[in-house]
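The next block holds one structure in the form of structure tokens; read it before the comments.
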Amino acid sequence: MSYRTRFGKDNSACDSGNAVEGSGSSKGPNEVSNDFDHEIAQLTKHRSRPHQLLSQDMPGKSRLLVSTMKMLVGRESNHSGRGRFSSADGCHVLSRYLPINGPWGVDQSTSPAYVSQFSNDGLFFVAGFQGGHIRIYNVDKGWKVQKDILTKSLRWTITDTSLSPDQRYLVYASMTPIVNIVNVGSSMTESLANVTEIHEGLDFSVGGDEDEFGIFSVRFSTDGRELVAASRDASIYVYDLQANKVNLRIPAHSSDVNTVCFADETGHLIYSGSDDNLCKVWDRRCFNHKGQPAGVLMGHLEGVTFIDSRGDGRYFISNGKDQTTQLWDIRKMSSRAMYSPRLRDHDWDYRWMEYPAHAKTLKHPNDQSLATYRGHGVLRTLIRCYLSPAYSTGQKYIYTGSSDHCVYIYDLVTGAQVARLNHHEGPVRDCSWHPLYPMLVSSSWDGTIARWEFPGDDQVPTLERPRARRKERLL
């Protein structure tokens, strides 16, 4: 059965407006007030607000949630005068269908899964494993393996992958300054590095620098001409693919840079997050080589593990080792970092220690974030978080992996935990929501790639819990 048919089904439970759950949901101790009236809240609501003629029960009174049946009747009756759903109408319907049913198995490996992402159009899915395998699955063809890549120059693990906008090339990074690029548009399924296909190495070291450093994060620009990378040497690198060289190195932070991304389609703004607890904004149009950012955002009490941009050059979210996800508006940034107090009285290592209980409720005295979301765990590895897709949800949710083996979904505006997906036997380092359909895929250190979908199909989930590992590995 096609996804279009499956996800066209109605479900009265989703029309009730109640929170749904994979294995539990709750309000949680999140710092988002009921009257959260920042512009981002209004923008998010507007993206999923139905046409006023469809949402009115009586003159002058608007319902917060309109049933799917009423929306469809209104569309067929052409109440809006457009003869179709607007993007906001579509989001109003689709955003209530959460991918909480399952899971079904996509793949199982003896090696921990580190990265997993859908392509921009949702046709392909990329998964990377610590043992050196990267697999690209064709989603529309029953998750058939389109490309099976055995990597080279691997040190410890695959830290990140990125698929080019035209979906012809894939880059993968490791704990070395070499990023490899592979032609994934070729007809050959098996891609053994420099045996069946060439994996070209892109050297991010500059100026004869002999120091070895690892790369934690790498991303293609929207036009596919550049790569931006975050490294262990506290720097950000921009690589020009046409010139085949690094054209910019920014000494960005005072500690490891764990995450970096372009803020929008222009490529002018770059966001970065580091173990120095700071998020920084870089504007390449007015950049000077002294490494001065356009601004600094404070709020995390521990290192930043991941950043995801809303894509508008203004808002983004970040995961932190202080066990929080935070929402940011770059218009609140400072020109420099103020004093960051030490709020724990002993050394703490997130890779093998639990987060101190007393620190879970602490707040940065100079917190510039708009909202804070708690409930998930950011331990053992660089856990990733994302905004839900614009097309189907209007980016009204935040979802994140977790060191407690689950995936958490929060309402961006209310802060409520609306779902917790519980299956894995190891930390969920990465997860990805399909850009068009209510489908989410999680990847875990238990080696499992699991698929979650909207309830409504008669299929029974096929994935059994994996056996617990004797030893948990660390990054």
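Glycine is no exception: its Cβ is also placed from the backbone N, Cα and C atoms.
Feature annotation from Swiss-Prot assigns region 'Disordered' to 1-34.
Residues annotated as compositional bias 'Polar residues' in Swiss-Prot: 23-33.
Annotated repeat 'WD 1' per Swiss-Prot: 211-240, in sequence order. Per-residue confidence over the repeat 'WD 1' (211-240) averages 95 (mean pLDDT, predicted model).
DSSP labels the residues of the repeat 'WD 2' (252-283) in these numbers: 0 helix, 17 strand, 15 coil. Annotation comment: Swiss-Prot describes 252-283 as repeat 'WD 2'.
Counting residues of the repeat 'WD 3' (299-329) by DSSP class, helix then strand then coil, yields 0 helix, 18 strand, 13 coil. The repeat 'WD 3' annotation in Swiss-Prot covers 299-329.
Feature annotation from Swiss-Prot assigns repeat 'WD 4' to 375-411. When DSSP labels each residue, the repeat 'WD 4' (375-411) comes out as 4 helix, 13 strand, 20 coil, counted as helix, strand and coil in that order.
Under the heading repeat 'WD 5', Swiss-Prot lists 423-453. Counted with DSSP, the repeat 'WD 5' (423-453) comes out as 0 helix, 18 strand, 13 coil.
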I'd like the per-state residue tally for the repeat 'WD 1' (211-240) from DSSP, helix first, then strand, then coil. 0 helix, 18 strand, 12 coil
